[in-house]
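Per Swiss-Prot, heme binding site is recorded for TYR25, CYS45, CYS48, HIS49. Residues or ranges marked as signal peptide in Swiss-Prot (evidence: sequence analysis): 1-24. Per Swiss-Prot, transmembrane segment is recorded for 273-293, and the stated evidence type is sequence analysis.
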Amino acid sequence: MKKNLFLVSVFASLFVGTANNALAYPMYAQQGYENPREATGRIVCANCHLAQKPVDIEVPQAVLPDSVFEAVVKIPYNQEVKQVLGNGKKGGLNVGAVLILPDGFTMAPADRMSAELKEKVGKLYFQPYSEDKQNILIVGPVPGKKYSEMTFPLLSPDPATNKKVNYLTYPIYLGGNRGRGQVYPDGSKSNNTVYNAAAAGKIAAINPTEKGTDVVIDKVDGGSVTVAIPSGPDLLVSVGDTVAADQPITNNPNVGGFGQGETEIVLQNPARLQGLVIFLGFVLIAQVFLVLKKKQFEKVQLSEMNF
């Protein structure tokens, strides 16, 4: 329990905004959701990462039971861009991913991984989403420049020992992000998003603060309202400007985003493969006999013609 609380506090500090780390995806999904994939198919990380970006996943077409294989996850982005960090400065993007495997599929244990696979995995640390969801793996945040492509070491189940698993085609779901989110789990905005005018009116004052800027708007219907803007977004308005309600008064500094992908994998029955090999062997033998029989028949015809 103490270890879990420590992990939560560590990743919470990453979210709130140290200068060197990005939004602590996907740890916040762990804290707030029993399952990261909603009934609609939407992965909950999209609640905080509002921009849509592509992701890609590559797995074998089929695997045998109780075998180690790899899933290659790609989270592409322009590695020349910088994002707004929690303190308002600019820095590199981090990436994170959640891989939702079929029930029974898990992360491969180290003693089952080949030296080549270990080299591909590198220093990435994967962990199950929860104790009862060993088939859902999460990783990150990690530096995007080094890990925009990740290799997940996976282990397929064996229906002979796990009666809940069958030889079928199964879906695999991926969620991947690059960069910090725009909304915190409590619904409040981060400093990595656009800020809008709280009411229609005129910009009366722009006051620098310790954490950013306060923009005071004299409302059309009287009174005033203050929009607190944290360090990060750039102001688009000046004192004296007229603004409409919900009009953007800052740029959108977000350069990252979240994406979902899916693929399929077949848990192949070895007996079926053996049967297929035997069948193909019989077909090959039959073809050979047909060729030999045809040649024999041609020889007989030729000899009769010569006679």
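Backbone N, Cα and C atoms are what each Cβ position is placed from, and that goes for glycine too.
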| Taking CYS45, CYS48 as the binding-site residues to compare, which has the smallest set of other Cβ atoms within 10 Å? | CYS48
| task | Would you count the other C-beta atoms found within 10 angstroms of the C-beta of HIS49 (heme binding site) for me? | result | 28
